[in-house]
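These notes are about the structure you will find just below.
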Amino acid sequence: MAQNINPFLEQQTTGIVKENDISKRPQSDSHAVTKRLHKELMTLMMSPDKSISAFPEGENLFRWIGTIMGPKDSVYETLKFKLSFQFPNSYPYTAPLVKFITPCFHPNVDTNGNICLDILKDKWSALYDVRTILLSIQALLGEPNIDSPLNALAAETWSKKDDYHKYVMDMYKEVQIN
Amino acid sequence: MRPLARQELPTKAVFYSKDTSVSHKIMASASEDVETTRGDGGESPNTKDDEKKEESLLECNICLDTAKDAVVSLCGHLFCWPCLHQWLETRPNHQVCPVCKAAISKEKVVPLYGRGSTKQEDPRDKVPPRPAGQRTEPEPGNNFSGFGFGDSGFHMSFGIGAFPFGFFTSTFNIGEPRPNVGPHGSPQYMEEQFLSKVFLWLALLFIAWLLYA
């Protein structure tokens, strides 16, 4: 169990708190989160879909690395993107923090890899999981939301396919993790 | 069990396709692919797969585990009560079903009581008990039937006059209707008839005795 502790919780435990006090409530919560994350990992591993994958980063179940292939018939088609997932202790009641690790030129992704996607913000539902998030982001790559851009340049050039393609390729570089 | 799954998935897809936002379209396609994989599994004679599917029909939509203290929203989606309660607590101003985004509230969920479900109730310290099922009593039949004093309800008699001649009496009878007279021909009916005759004769004899005394 020790390795599956939420980083947020870890910070708390290093404080003044006594052993008995901390473990009562948060542990039962984080146990439920761990259980759900385990289930999600199982379904992802059983899934026949080769274009998306995700796995916990190291020993901590609260941090995952996800991979998506660019959607077919889009500028991103041959590209592989890595994303980081950070699950809060309140998961799945609140959305995980999802970021692009691989630099991605896209109207709804900023230069730090932050993603603007409704289901990760106000439209989040406890029903969504890593798989559906990955599928959503994959689809977002092919169908950007031009009206609320994080990257204004990408939003402007979206209609000019050749320029856009060049930008995407300039920015893209494969990232190796461990 | 399988037709249930078939019915549920298309409705999801219909719902999402109504919505124009990108993410919802994705969810629609995602649920479609779930449907196809389920369909494929159903064709194979693998009993383990079938069992798994039947289990997943009873899984909570939030913790993805078999629903404990199960409740169903009015839109028909199954949850553990602790899970749903926490979901509602997370967003008190915007209470929607996690599956179909229909408006839901604590008062509008129905608990599911399986056989022996009360035994395995675990002590939950911070989650309030799940709302109880509502049970309304059937309407009492309107079969008031005339004479004889019942033994329930409130009766009050009120009279003017000297003892034997209580002619101006009135009776207030507040409360439940009187118990039914036994059906014709039944032993209860016969007994009642007999008793009423006996008391009638007794009363007449008593009056006659008073007059001649």
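Cβ coordinates come from backbone N, Cα and C, glycine included.
Listed features, source TrEMBL:
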- B:35-51: compositional bias 'Basic and acidic residues' (COMPBIAS)
- B:118-128: compositional bias 'Basic and acidic residues' (COMPBIAS)
- B:60-101: domain 'RING-type' (DOMAIN)
- B:28-51: region 'Disordered' (REGION)
- B:113-142: region 'Disordered' (REGION)
- B:154-174: transmembrane segment (TRANSMEM)
- B:194-212: transmembrane segment (TRANSMEM)
Taking every residue in the domain 'RING-type' (B:60-101), the average pLDDT works out to 89
Counting by DSSP secondary structure, give me helix, strand and coil numbers for the domain 'RING-type' (B:60-101).
10 helix, 9 strand, 23 coil
